[in-house]
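Down below is the structure, laid out as structure tokens.
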Amino acid sequence: MIRWNTDQTDLREGLERWGEALSADHIELEEQGRFPEDKWKLLRDTGILSLPFEEEYGGLGQSLLTTMYALEGLGEYNRDSGLSFSATTSICSTGIPVQHFGTDDQKQRYLPLIASGEAIGAHAITEAEGGSDAMAMTTRATRDGETFVLSGSKAFVSNGPIADVIVVYARTHPRGGPLGTTAFLVDRDTPGLTTGGCGKKMGLRTSPLCELYLDDVRVPRSAVLGRVGGGLMVLDHVMKREVLFSFVVNAGEMRHRLERCVAYAKTRQSFGRAIGSYQSIANKIVDMKIQLESARKWLYDTGEKLEAGEDVTVDLAIAKLVTSRSNLATSLAAVQIFGGHGYMSEYGLEQDVRNAVGGTVYSGTNEIQYNRIASMLGLGAGR
Amino acid sequence: MSNVDTIKNFVISEFLPGTAPAELAVDHDLLNDGVIDSLGVLKLIAWVEDRFELAVGDADLDPENFRSVEAIDHFVTHARAAA
Ligand SMILES: Cc1cc2nc3c(=O)[nH]c(=O)nc-3n(C[C@H](O)[C@H](O)[C@H](O)COP(=O)(O)OP(=O)(O)OC[C@H]3O[C@@H](n4cnc5c(N)ncnc54)[C@H](O)[C@@H]3O)c2cc1C
């Protein structure tokens, strides 16, 4: 178990005072499906967007684990899950790979903007024809002298409508298999890049998502992030942090949910007694506690292993599975514990269920996580 | 042991356990028939860098250099000569 030091707990508890402002009107905003620009500004002021980035580039230089711990605090205090999702997406999609793979120029150009939140990042991997099989992507990047020309389209790009820079993954070699993909840093205003298809989604509605169209988008060689052919390595590095950073936010949300349910179960009376005195309600809350603590253990344990440079393929898949399922299960349990109130939007609990479903799909679907574990056990078709 | 045998042994132990070395042709396409997937390729490159003391470094990752046992051997030989 990690014992957090005073600096770490101060960092996390410091977020508490922002909670109310970040959460304000979150139910209405979610209904309107609107990205809250004013709250993004607040989020910038909290410093949370700069946590894992080097101080030289305007970051706070915090470790992976400290960043996770603070992000868990964001989940605990901020009720606008879409806003939190946009934050972790910006950090992980762009800042994280630029920090690790970027050239000095790329770091100087993008990191201060992403760390301060002045610019918003996104990444585009999934295509309409399929997301799970990333190696089958058809968006192409063709070399033309010192430039690459990108053509194709991408689907479900979180932050797409508001992003200033998008990391686009495209095929640079038709038969390159896992070495046939390259990551490119594409600025929003690059000619030929357009967005559309910002359809309404089930949850996380304050985090906008859209399709991305690349119509002969010409970028310089210097826009390559990492190595030509190394796109899946960039993605692998990103996905590890994305799972830890975005799902630890869910752990914070689960903690808040648990506390809310405990308080409600102690005060809500039925048949002359607090509902928490009935075993079938108490057990639901105990299950929530077990699910929360299991998710936290897997997330932080995996984070520790990753920091130590160990192979986390299986751990990460388990952490993602355990957390996404726990988030969904606890959000459903909360609706049940609150009864009719839980079913009403104004309580914000039905929204949690819709948000939680997303976690079983993004960052590699739960089925794909099973495949990973099976493959590491020498079973199945792999991938 | 020749480099070809060393590479073959690694590929078999990591990606094709149970396969007899004679069954894996040196020109067998490892990338396109899915022997090595996106996780595997990371392992392969790290191993090549470590085992042959090469820095694949910032160079473009040309899939042709990693397509088969034979291709990896050529790549290692040339990269060592150039170093
Ligand atoms: C809220 C949200 C945000 C997202 N943000 C982004 C983003 O920012 N950038 C981005 O690029 N993408 C994003 N995505 C897309 C997401 O990554 C994909 O939806 C996901 O990878 C699945 O791809 P798909 O939707 O094409 O489903 P498919 O790959 O078509 O899969 C359909 C179903 O089949 C299952 N399946 C597929 N292959 C297998 C297999 N081999 N074994 C067993 N089951 C299998 C899947 O698990 C799924 O249940 C986001 C999605 C959501 C919901």
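Cβ atoms are placed via backbone N, Cα and C, with glycine included.
On a predicted model such as this, the values are computed, not experimentally measured, just so you know.
What TrEMBL records for this protein:
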{"type": "DOMAIN", "residues": "A:7-118", "note": "domain 'Acyl-CoA dehydrogenase/oxidase N-terminal'"}
{"type": "DOMAIN", "residues": "A:122-217", "note": "domain 'Acyl-CoA oxidase/dehydrogenase middle'"}
{"type": "DOMAIN", "residues": "A:231-375", "note": "domain 'Acyl-CoA dehydrogenase/oxidase C-terminal'"}
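Break the domain 'Acyl-CoA dehydrogenase/oxidase N-terminal' (A:7-118) down by DSSP state and the numbers are 88 helix, 0 strand, 24 coil. Secondary structure counts, DSSP: the domain 'Acyl-CoA dehydrogenase/oxidase C-terminal' (A:231-375) has 123 helix, 4 strand, 18 coil. Averaged across the domain 'Acyl-CoA dehydrogenase/oxidase C-terminal' (A:231-375), the predicted model reaches a pLDDT of 97. DSSP states for the domain 'Acyl-CoA oxidase/dehydrogenase middle' (A:122-217), grouped as helix (H, G, I), strand (E, B) and coil, give 9 helix, 49 strand, 38 coil.
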